[in-house]
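Over in Swiss-Prot, the protein carries these features:
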- 43, 68, 95, 117: S-adenosyl-L-methionine binding site (BINDING)
- 153, 190, 191, 192, 193: substrate binding site (BINDING)
(Lines of atoms letter the chains of each structure in order from A and count residues from 1; the text may use other names and numbers.)
(Lines give C-alpha, C1' and ligand atoms only; values in the text may rest on other atoms or scores of the structure.)
Protein backbone atom coordinates (compact mmCIF):
# COMPACT_ATOMS: atom_id res chain seq x y z
CA UNK A 1 0.00 0.00 0.00
CA UNK A 2 1.40 3.34 -1.07
CA UNK A 3 -0.06 6.45 0.50
CA UNK A 4 -0.05 9.97 -0.83
CA UNK A 5 2.21 12.06 1.36
CA UNK A 6 0.46 14.66 3.49
CA UNK A 7 2.58 17.70 4.30
CA UNK A 8 0.81 18.24 7.62
CA UNK A 9 1.33 14.70 8.94
CA UNK A 10 4.98 14.88 10.01
CA UNK A 11 4.67 18.18 11.97
CA UNK A 12 1.67 16.82 13.86
CA UNK A 13 3.59 13.68 14.80
CA UNK A 14 6.71 15.61 15.76
CA UNK A 15 4.76 17.85 18.12
CA UNK A 16 3.45 14.97 20.25
CA UNK A 17 5.69 13.42 22.95
CA UNK A 18 4.02 10.03 22.50
CA UNK A 19 5.69 9.78 19.10
CA UNK A 20 9.29 8.63 19.45
CA UNK A 21 11.77 9.61 16.75
CA UNK A 22 14.85 8.50 18.69
CA UNK A 23 13.84 4.98 19.80
CA UNK A 24 17.49 3.89 20.05
CA UNK A 25 17.66 6.07 23.18
CA UNK A 26 15.34 3.64 24.97
CA UNK A 27 16.88 0.39 23.76
CA UNK A 28 18.23 -0.56 27.17
CA UNK A 29 15.27 0.73 29.15
CA UNK A 30 11.86 1.11 27.55
CA UNK A 31 10.43 1.61 31.04
CA UNK A 32 11.88 5.12 30.85
CA UNK A 33 9.66 5.94 27.87
CA UNK A 34 6.54 4.97 29.83
CA UNK A 35 7.57 5.86 33.36
CA UNK A 36 6.84 2.36 34.68
CA UNK A 37 8.01 -1.25 34.40
CA UNK A 38 4.86 -2.76 32.91
CA UNK A 39 5.12 -5.47 30.22
CA UNK A 40 5.81 -4.31 26.66
CA UNK A 41 3.59 -5.41 23.77
CA UNK A 42 4.38 -4.49 20.18
CA UNK A 43 2.19 -4.11 17.09
CA UNK A 44 4.08 -4.32 13.80
CA UNK A 45 2.27 -2.27 11.18
CA UNK A 46 -0.36 -0.56 13.32
CA UNK A 47 -2.15 1.21 10.47
CA UNK A 48 -4.87 3.60 11.62
CA UNK A 49 -4.63 2.33 15.17
CA UNK A 50 -8.05 0.89 15.96
CA UNK A 51 -6.55 -2.36 17.26
CA UNK A 52 -3.75 -0.90 19.40
CA UNK A 53 -6.08 1.69 20.91
CA UNK A 54 -8.63 -0.89 22.01
CA UNK A 55 -5.87 -3.08 23.43
CA UNK A 56 -4.44 -0.17 25.42
CA UNK A 57 -7.84 0.89 26.69
CA UNK A 58 -8.67 -2.63 27.90
CA UNK A 59 -5.23 -3.24 29.43
CA UNK A 60 -3.95 -0.10 31.19
CA UNK A 61 -1.19 -2.09 32.92
CA UNK A 62 0.47 -3.05 29.64
CA UNK A 63 2.73 -0.73 27.64
CA UNK A 64 2.00 -0.79 23.91
CA UNK A 65 4.35 0.27 21.12
CA UNK A 66 2.85 0.85 17.68
CA UNK A 67 5.19 0.82 14.69
CA UNK A 68 4.39 1.84 11.13
CA UNK A 69 6.29 3.37 8.24
CA UNK A 70 3.66 5.82 7.05
CA UNK A 71 3.09 9.17 8.74
CA UNK A 72 -0.40 9.44 7.23
CA UNK A 73 -1.75 6.39 9.06
CA UNK A 74 0.24 7.06 12.23
CA UNK A 75 -1.44 10.45 12.55
CA UNK A 76 -4.83 8.74 12.58
CA UNK A 77 -3.62 6.26 15.18
CA UNK A 78 -2.22 9.09 17.29
CA UNK A 79 -5.47 11.02 17.16
CA UNK A 80 -7.34 7.99 18.48
CA UNK A 81 -4.81 7.69 21.31
CA UNK A 82 -5.31 11.31 22.26
CA UNK A 83 -9.10 11.17 21.97
CA UNK A 84 -9.11 8.43 24.60
CA UNK A 85 -6.34 10.07 26.65
CA UNK A 86 -4.34 6.85 26.68
CA UNK A 87 -1.02 7.02 28.49
CA UNK A 88 0.21 3.49 27.78
CA UNK A 89 0.85 3.77 24.03
CA UNK A 90 3.92 5.04 22.20
CA UNK A 91 4.21 5.44 18.44
CA UNK A 92 7.37 4.87 16.39
CA UNK A 93 7.60 5.88 12.72
CA UNK A 94 10.19 3.46 11.34
CA UNK A 95 10.92 0.49 9.14
CA UNK A 96 10.22 -2.77 10.97
CA UNK A 97 13.44 -4.20 9.54
CA UNK A 98 15.33 -2.03 12.06
CA UNK A 99 13.82 -3.61 15.19
CA UNK A 100 17.13 -4.90 16.50
CA UNK A 101 18.45 -1.36 16.69
CA UNK A 102 15.80 -0.30 19.24
CA UNK A 103 15.19 -3.37 21.43
CA UNK A 104 17.55 -5.53 23.42
CA UNK A 105 17.12 -9.27 23.82
CA UNK A 106 14.37 -10.72 26.04
CA UNK A 107 12.50 -7.42 26.24
CA UNK A 108 9.13 -7.90 24.50
CA UNK A 109 6.29 -10.00 25.94
CA UNK A 110 3.92 -10.08 22.96
CA UNK A 111 3.95 -9.14 19.28
CA UNK A 112 0.88 -8.57 17.11
CA UNK A 113 1.09 -8.89 13.33
CA UNK A 114 -2.23 -7.93 11.74
CA UNK A 115 -2.92 -8.08 8.01
CA UNK A 116 0.62 -7.48 6.85
CA UNK A 117 1.49 -7.30 3.17
CA UNK A 118 1.30 -10.90 1.83
CA UNK A 119 3.99 -10.30 -0.82
CA UNK A 120 2.59 -13.05 -3.09
CA UNK A 121 5.52 -13.10 -5.53
CA UNK A 122 8.04 -15.74 -4.50
CA UNK A 123 10.94 -13.35 -5.06
CA UNK A 124 9.41 -11.04 -2.43
CA UNK A 125 8.65 -13.66 0.22
CA UNK A 126 11.64 -12.53 2.26
CA UNK A 127 9.79 -9.25 2.89
CA UNK A 128 6.91 -10.96 4.69
CA UNK A 129 6.79 -10.05 8.37
CA UNK A 130 6.40 -13.75 9.19
CA UNK A 131 9.34 -14.86 7.06
CA UNK A 132 11.95 -16.86 9.03
CA UNK A 133 14.51 -14.04 8.77
CA UNK A 134 12.09 -11.76 10.66
CA UNK A 135 11.02 -14.49 13.08
CA UNK A 136 14.61 -15.10 14.10
CA UNK A 137 14.87 -11.43 15.07
CA UNK A 138 11.59 -11.42 16.99
CA UNK A 139 12.65 -14.55 18.85
CA UNK A 140 15.79 -12.86 20.16
CA UNK A 141 13.97 -9.72 21.26
CA UNK A 142 11.09 -11.54 22.96
CA UNK A 143 11.03 -13.20 26.35
CA UNK A 144 10.92 -16.98 26.48
CA UNK A 145 7.35 -18.35 26.36
CA UNK A 146 6.00 -15.03 25.05
CA UNK A 147 3.61 -15.03 22.10
CA UNK A 148 3.12 -13.74 18.57
CA UNK A 149 -0.50 -13.24 17.53
CA UNK A 150 -0.88 -13.29 13.75
CA UNK A 151 -3.98 -12.44 11.69
CA UNK A 152 -4.46 -12.33 7.93
CA UNK A 153 -7.11 -12.60 5.24
CA UNK A 154 -4.63 -14.23 2.85
CA UNK A 155 -4.81 -18.04 2.61
CA UNK A 156 -1.40 -18.59 1.08
CA UNK A 157 0.36 -16.27 3.51
CA UNK A 158 -1.24 -18.06 6.44
CA UNK A 159 -0.35 -21.53 5.19
CA UNK A 160 3.21 -20.46 4.45
CA UNK A 161 3.47 -18.72 7.82
CA UNK A 162 2.50 -21.89 9.67
CA UNK A 163 5.59 -23.47 8.10
CA UNK A 164 7.71 -20.41 8.86
CA UNK A 165 6.84 -20.45 12.56
CA UNK A 166 7.55 -24.18 12.81
CA UNK A 167 10.88 -23.79 11.02
CA UNK A 168 11.84 -20.94 13.37
CA UNK A 169 11.23 -23.11 16.44
CA UNK A 170 7.98 -21.53 17.65
CA UNK A 171 5.33 -23.69 19.30
CA UNK A 172 1.89 -23.44 17.73
CA UNK A 173 -0.60 -22.76 20.53
CA UNK A 174 -3.70 -22.02 18.51
CA UNK A 175 -4.84 -21.74 14.91
CA UNK A 176 -8.10 -21.20 13.06
CA UNK A 177 -8.94 -20.63 9.42
CA UNK A 178 -12.17 -18.83 10.34
CA UNK A 179 -11.58 -16.64 13.38
CA UNK A 180 -15.04 -15.09 13.56
CA UNK A 181 -16.69 -18.51 13.63
CA UNK A 182 -14.22 -19.96 16.13
CA UNK A 183 -14.40 -20.32 19.89
CA UNK A 184 -11.67 -17.70 20.37
CA UNK A 185 -13.08 -14.88 22.53
CA UNK A 186 -10.19 -12.42 22.91
CA UNK A 187 -10.23 -11.00 19.40
CA UNK A 188 -10.07 -7.26 18.77
CA UNK A 189 -10.90 -6.28 15.20
CA UNK A 190 -8.75 -4.06 13.02
CA UNK A 191 -10.11 -1.73 10.34
CA UNK A 192 -9.01 -4.14 7.62
CA UNK A 193 -10.55 -7.06 9.47
CA UNK A 194 -13.96 -5.39 9.56
CA UNK A 195 -13.72 -4.60 5.86
CA UNK A 196 -12.71 -8.11 4.82
CA UNK A 197 -15.21 -9.77 7.13
CA UNK A 198 -18.04 -7.67 5.70
CA UNK A 199 -17.01 -8.94 2.27
CA UNK A 200 -17.35 -12.54 3.47
CA UNK A 201 -13.62 -13.20 3.66
CA UNK A 202 -12.60 -15.66 6.37
CA UNK A 203 -9.97 -14.38 8.79
CA UNK A 204 -7.07 -16.65 9.60
CA UNK A 205 -5.46 -16.43 13.05
CA UNK A 206 -2.72 -18.15 15.00
CA UNK A 207 -0.86 -17.86 18.30
CA UNK A 208 2.78 -18.93 18.31
CA UNK A 209 4.91 -19.29 21.43
CA UNK A 210 8.60 -18.47 21.72
CA UNK A 211 10.61 -21.50 22.79
CA UNK A 212 14.25 -20.54 23.15
CA UNK A 213 15.15 -24.10 23.97
CA UNK A 214 14.08 -25.22 20.51
CA UNK A 215 16.66 -24.64 17.82
CA UNK A 216 15.59 -23.31 14.42
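Each Cβ is built from the backbone N, Cα and C atoms, and glycine gets one as well.
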(message) Can you tell me whether DSSP puts residue 117 (S-adenosyl-L-methionine binding site) in helix, strand or coil?
(response) coil
(message) What is the set of residues, excluding 43, 68, 95, 117, whose C-beta falls within 8 angstroms of the centroid of the C-beta atoms at the S-adenosyl-L-methionine site?
(response) 44, 45, 46, 67, 69, 96, 116, 129
(message) Counting across all protein chains present, how many other Cβ atoms fall within 10 Å of the Cβ of residue 68 (S-adenosyl-L-methionine binding site)?
(response) 23
(request) Have a look at the binding-site residues (95, 117, 190) and report the one with the fewest Cβ neighbours inside 10 Å. (result) 95
(request) Give me the non-local Cβ neighbours of residue 153 (substrate binding site): same chain, 6+ apart in sequence, Cβ-Cβ under 8 Å, ordered along the sequence. (result) 115, 192, 193, 196, 201, 202, 203, 204
(message) Based on the record's binding annotation for S-adenosyl-L-methionine (43, 68, 95, 117), what whole-number value in Å is the widest Cα to Cα distance?
(response) 14
(request) Specify the count of other C-beta atoms within 10 Å of the C-beta of residue 192 (substrate binding site). (result) 19
(request) Can you tell which of 43, 191, 193 has the least company, meaning the fewest other C-beta atoms within 10 angstroms of its C-beta, among these binding-site residues? (result) 191
